[in-house]
Amino acid sequence: MRTIHLASDHAGFALKGLLARHLESRGYAVQDHGTHSTESCDYPVLAHALAAAVEAEPEGLGVLICGTGIGVSITANRHPGIRAALCATELQARLAREHNNANVLCLGARIIGDELARAITDAFLDGHFAGGRHQRRLDRINLPA
Ligand code: RB5
């Protein structure tokens, strides 16, 4: 059973729970990295925890949620092994996998509705990296160490 990593701040807490149930109904296992309540918290802590977990797995995948999706995407993309894509449409989510081999989907809980969030998550998880010229471009993203 494939595991999907999930994390959010307080603004994304409710959507995280909804997506966890949705993913489990689709046959995925979910690893929840928090937060675990609507008490105010700092999104970088959660985004770093999820990014580290996804980076540690060869084919790891995760979903990160904050109010806008922006803070968690900025944070996750500081990890060299993370390609985090902030998506507000199903097309963006599908192409994030196909072209960018994105391994973290970022969502803005205050930007999109629950139904769209579910559809975007499905499009992301059902997408497949196309390789070829896209791999050449990915190889040019990270700055030299
Ligand atoms: C929290 O109020 C909010 O700033 C956070 O969820 C996120 O939108 C940051 O990018």
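Placement of Cβ uses the backbone N, Cα and C atoms for every residue, glycine included.
For Cys66 (active site, proton acceptor), other Cβ atoms within 10 Å of its Cβ number 27. Annotation note: Cys66 (active site, proton acceptor) sits in a strand segment as assigned by DSSP. Summarising the annotation, TrEMBL assigns active site, proton acceptor to Cys66.
There are 16 other Cβ atoms within 10 Å of the Cβ belonging to His99 (active site, proton donor). Mapped onto three states, the DSSP output places His99 (active site, proton donor) in coil. Per TrEMBL, the feature active site, proton donor maps to His99.
Taking the Cβ of Asp9 (D-ribulose 5-phosphate binding site) as reference, residues of its chain lying under 8 Å away and at least six apart in sequence are, in sequence order, Thr35, Cys41, Asp42, Tyr43, Leu46, Ile65, Cys66, Gly67, Gly71, Val72. For Asp9, His10, Gly67, Thr68, Gly69, Ile70, Gly71, Asn100, Arg110, Arg133, Arg137, the entry in TrEMBL reads D-ribulose 5-phosphate binding site.
Here the binding-site residues are Gly67, Gly69, Gly71, and the one with the most other Cβ atoms within 10 Å of its Cβ is Gly69. Same-chain residues at least 6 positions away in sequence with a Cβ under 8 Å from that of Arg110 (D-ribulose 5-phosphate binding site) are, in sequence order, Ala11, Gly67, Thr68. Residue environment of Arg137 (D-ribulose 5-phosphate binding site) contains 12 other Cβ atoms, counted within 10 Å of its Cβ in all protein chains.
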